[in-house]
Amino acid sequence: MAITIKTPEEIEKMRVAGKLASDVLMMIGEHVKKGVTTDELNTICHNYIVDVQDSIPAPLNYGHPPFPKSICTSVNHVICHGIPGDKKLKDGDIVNIDVTVIKDGFHGDTSKMFVVGKPSILAERLIRITQECLYKAIKIVKPGIKLGDIGHVIQHHAEGNNYSVVREYCGHGIGAVFHEDPQVVHYGRPNTGDELQAGMCLTIEPMINAGKRYSKVLPDQWTVVTKDRSLSAQWEHTLLVTDSGVEILTHRGEENIPQIISH
Ligand code: MF3
Ligand code: CO
Ligand code: CO
């Protein structure tokens, strides 16, 4: 599959889908607290996406075997693709909620870390450094840079802080298809790989471990955990490459990075 360049009409639909996905993360925050189950969070998000946003939760029935829920909830040592279930969140847990909505045929994909009660200093630092990895990568995005430049910025910041970068899962092109070309890996060497062009939409979604980088998939065939059971964090945005830089399609008002960056 080739990399798609979006038309102005498609870009407008990506803006709408991106905003809806970010709205779900804004909405769910107040519900992420001690005693709630991740399945309850799933139900709240599912109903909001379907009933309020008149949209489709992309994860539901996605892939093989079909993903059984509408969001991913990845707690503590779960790297990604955690399946919402009946375990209650407890004080000190960290949880990534990953939301993908389809509106008018286009996808918006974004995730955020939440903390339950008071997290450990280590957890707080891992979450912060991982968000910095995402932001540092976003800030270099413009036509002419290469995918390896993105990977390098993330790997350099993570490893410079004694963390490791998960290699088996990556960001991706996105549009009418959930996971399009190119693959956006979160490690690499400057000036290598495909060049970015205006009109491309892609996600950057670094998964950073406090311990070693190795992962394994649980028997449910979805849940990805750290092999050494160390904590893992992830943040994700859907981006549009513009003529002069980047637009964060899933930007939340609360964030300390501008939605539109022009170089
Ligand atoms: N939202 C994930 C991503 O960022 C993909 C989840 S696929 C699912 O690409 F089936 F697990 F939902
Ligand atoms: Co994604
Ligand atoms: Co996602």
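Every residue number used here counts from 1 along the chain in the order it is shown.
Quick reminder: no glycine exception, Cβ is built from N, Cα and C everywhere.
Here TrEMBL has Asp109, Glu205, Glu236 binding divalent metal cation 2, and the candidate from His77, His81, His172 in that same listed site is His172.
Divalent metal cation 1 binds Asp109, Glu236 as TrEMBL records it, and from the list Asp93, Asp98, Asp220 the residue named for this site is Asp98. On its own chain, His81 (substrate binding site) has Phe67, Cys72, Ser74, Trp222, Thr223, Val224 as residues at least 6 apart in sequence with a Cβ closer than 8 Å to its own Cβ.
The two recorded residues His179 (substrate binding site) and Asp98 (divalent metal cation 1 binding site) have their Cα atoms spaced 14 Å from each other.
By a simple count of nearby Cβ atoms, those within 10 Å, the most crowded of the binding-site residues Asp98, Asp109, Glu205, Glu236 is Asp109. DSSP assigns His179 (substrate binding site) to coil in the three-state reduction, placing it in neither a helix nor a strand.
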